[in-house]
Amino acid sequence: MTSILSPEKSQNDQELPLRPSYLQEFVGQQQIKENLSVFIRAAKSRGEHLDHTLFYGPPGLGKTTLAKIISNEIGGNFKSTSGPAILKAADLAAILTNLEKNDVLFIDEIHRLNTSVEEVLYPAMEDFELDIIIGEGPAARSVKINLPQFTLIGATTRLGLLSNPLRDRFGIPMRLNFYNTEELKKVLNRASKLLDIDLTDSGSEEIARRSRGTPRIALRLLRRIRDFAAVNNQLEIDKEIANFGLNRLEVDIIGLDSNDYRYLKFIADNYNGGPVGIETIAAALSEQRDALEETIEPYLIQIGLLQRTPRGRVITATAFEHLKIPLPTSPTHQFNIFNDNE
């Protein structure tokens, strides 16, 4: 799914110059920052490694950035990989044996590790030991290799797909939440100074409130609005040029784009607001289920336009109002049912 509002990382995002290096520079996630500061200081005072840490939550909220900040704060090297990149146990063993004391190993999409790789990871996390099988058949033997004390940081957008044994081995699990408008304004104001952009308070406000609570999206929109300002000979980004650019990008006043409208209108027009199963929606929109669950649905749920129920997806009365579609006479969409993971 391609969209200016996708929270997934893009090769064109070029976030590196904008990434904060230390906790005091990081905007938002205040409780996480405060707790991490305590845990890091305590570990350093004891001369120990920081407990293994798991960041989970929607994409684009700063999981990778926080992992790099932890590495800087504890003074270790930062090694990065991802679950899909570690195909077999030998791949992980090669990474682990090259770690040094206090290094941070960051595994993105850690829920996508296969079982054989996880089994190698367990003793490495608990005892800093690596069990390697040498030889084959009856002559095979297990050799233990001691590893230096390191910190594993995992990141996932799908906590439910993480196996219980792996999840239980993280001493510091932390959920990252969507940002509010004021926090996103701080992110934008910091970035505008680094990018030498003249951003007014009203311009910052306009971009922030349409950024779906996600810093990655806010920074991407800032760069595109900068382009519109430059072509229109605007020396600063104010509310007017921000509104012009965002409308051209088809981002509406609450941060919805054409993909969101397709999703909501499909349920409204074909199922009177739902319930309808996620597989049906994915097939009708020619999208992958994972893309819908990770890119579109979290924000729609966050702002009260969508509910996940045991019977399927249901859009709310607020969604009908935003779509300017009359509310159906059936009260199905108004049921307030517990969320599920369908």
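The backbone N, Cα and C atoms fix where each Cβ goes, glycine too.
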The ATP site in Swiss-Prot includes L18, R19, G60, K63, T64, T65, E126, D127, F128, R169, Y179. Which of R209, R210, R212, R216 is also listed there?
R216
Pairwise CA distance, Y179 (ATP binding site) versus R289 (DNA binding site), rounded so that it is a whole Å:
25
Expressed to the nearest Å, what is the distance separating F128 (ATP binding site) and R289 (DNA binding site) at their Cα atoms?
38
Nearest by Cα to R289 (DNA binding site), of the binding-site residues L18, G60, T64, E126, is G60
Quick one: mean pLDDT on the region 'Large ATPase domain (RuvB-L)' (1-179)?
89
Reported in the order helix, strand, coil, what are the DSSP residue counts of the region 'Small ATPAse domain (RuvB-S)' (180-250)?
50 helix, 2 strand, 19 coil
Mapped onto three states, the DSSP assignment of F128 (ATP binding site) reads coil
